[in-house]
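Participant: My questions will all concern the structure given below.
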Amino acid sequence: MRQCSLKYTEFTGNFPAIAAQCLQKLPSSNNKFTYNCDHHTFNFLVEDGYAYCVVAKESVSKQISIAFLERVKADFRKRYGGGKADTAVAKSLNKEFGPVMKEHMKYIIDHAEEIEKLIKVKAQVSEVKSIMLENIDKAIDRGENLTILADKSETLHSQAQEFRKKGTQVRRKMWYQNMKIKLVVLGILLLLVLVIWLSVCHGFNCAN
């Protein structure tokens, strides 16, 4: 793991020594790790050979600590990426990057509630995504690969369109039938009226 040590703290204690001991035990693979010691948590974010650490009270959630480390990591890579940090002398970046870490720490503290909500939303999205992927895996395990599922979906879509088309045709046919019946009834009524009128007229002529 690359040696580029910098730190920021407003408290005194043996935190740096404990953090250094934890650092020696960290795997080199990219991951997140948390160690508990003396009512504090030592949270590490390891990525691309660099280890980012923050010490917090046990009352502070792990998600908040990791959110802080993610911000620090992003800013650090932006400033010292491309090999700049590899050539830096140990603790030589404290003066420059220490105040930056303080700003990130203040932001996390001031927006802790918002960050917690955002983390919960991301967790829910991740859970939904996992469920969807699990359902897809189950479908594949049942032998229904994506091609078959797509074909079934297309078939159902075609059937739905055909059903709507037939429904429209049936409604149109029924409308014509109803209209035909109405016209026939109307014709019969007109014929009756005509017959009655002719009968009445003929009766008057006979009287004259």
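Cβ from N, Cα, C; glycine included.
The domain 'Longin' annotation in TrEMBL covers 7-101. As annotated by TrEMBL, domain 'V-SNARE coiled-coil homology' applies to 117-177. If you look up TrEMBL, you'll see 181-200 marked as transmembrane segment.
Give me the structural setting of these features: burial, nearby parts and distances.
Facilitator: DSSP places the residues of the domain 'Longin' (7-101) in helix, strand and coil in these numbers: 41 helix, 23 strand, 31 coil.
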Participant: What average pLDDT does the predicted model assign to the domain 'Longin' (7-101)?
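Facilitator: When the pLDDT values over the domain 'Longin' (7-101) are averaged, the result is 84.
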Participant: What does the DSSP secondary structure composition of the domain 'V-SNARE coiled-coil homology' (117-177) look like, as residue counts for helix, strand and coil?
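Facilitator: When I sort the residues of the domain 'V-SNARE coiled-coil homology' (117-177) into the three classes, I find 57 helix, 0 strand, 4 coil.
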